[in-house]
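**Q** One structure, as structure tokens, below. Some questions next.
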Amino acid sequence: MMDMVWVPDVYFRNEKKGRFHDVTVPNKYMHLYQHGEVHYSMRLSLTLSCRMLLQKYPLDTQKCPMLIQSYTYTTDNVMFSWQQNTLPITHDAELALNTELPQFSIVENTTDQCNGTMDVETPKFACIKAYFTLKRDIGYYIIQVYVPSILIVALSWVSFWLDLEAIPARVSLGVLTVLTLNTHGSHIQSQLPKVSYIKAIDVWIVSSLIFVFAALLEFAYVNVLTRRGDKEIMSTQIFRIPIEGKITSQANGKPPRQVTIGGPSRSRMRARRVDKISRILFPSSFLVFNMAYWVFYTQY
């Protein structure tokens, strides 16, 4: 009897893949009421396309449509409408469990009409649509992206507390953090969608790499100042004069010899000062960047 009842030729405009459920029997249902209303239902599984804007990825919220349209009947023959006071997805606990997505949370869904044409020369086809607002769950990215990169950047600051003479340790630490963060960023990028514009995660990775590379450049500058200070100390001559009796302005009829006393060179003092400034400047700058990053991508 179900095959003898007329049904509209409905299709999903943004469908990529779909299938009927027929285990153990075709999952279709029809009920005929006494006043002539027919309730017809079937079970489908669909994969729908959604144009995502990933500028704020992974802090993004997407709005994906589901477009239901008649293939041949126009609005003169058939009218589609959503049942009043119903939504495509309810917030019932059991249903919400069945519609849970691994990376998104459905925060809102709305319905509307979309009566229009596929071509400007054809009549208007009956159409309805539903919008699903999906908010990406950030927990995975906090653990896999943000926390590791923050720790790597913080590790690069250890170089500022090492002694000026600990050149092998400072070089190893700087190069290791740069290579580690670069490898980490490459692994993250390999799992991301390939788009031509800049994403929020790109800004984070590049900025973190800049902070780590700047710490390595700071060491190079401090090392140059240290070597320059060593040359200044080597060129300084220290004279020792025995002090006996009374010191006069003349000694044996000769003017007193000029004495230069060695001490910390100006360049080494400047190198230590650069390290002290970097201990405060780098963490403060990274903190300011974090505040600007999270405020911008979560509030705007």
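Yeah, the Cβs are placed from backbone N, Cα and C, and that goes for glycine too.
Note: TrEMBL annotation is automatic and uncurated.
Feature annotation from TrEMBL assigns domain 'Neurotransmitter-gated ion-channel ligand-binding' to 3-137. The transmembrane segment feature in TrEMBL is assigned to 138-162, 203-224, 277-296. According to TrEMBL, the domain 'Neurotransmitter-gated ion-channel transmembrane' annotation covers 145-232.
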**Q** Over the span of the domain 'Neurotransmitter-gated ion-channel ligand-binding' (3-137), how high is the average pLDDT in this prediction?
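**A** Mean model confidence (pLDDT) across the domain 'Neurotransmitter-gated ion-channel ligand-binding' (3-137) is 83.
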**Q** Can you tell me which parts of the same chain pack against the transmembrane segment (203-224), counting only residues 6+ beyond its ends and a CB-CB cutoff under 8 A?
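**A** Apart from its flanks, the transmembrane segment (203-224) reaches 145-146, 149-150, 152-153, 156-157, 159-160, 164, 167, 170-171, 174-175, 177-178, 181-182, 185, 188-189, 271, 274-275, 278, 282, 285-286, 289, 293.
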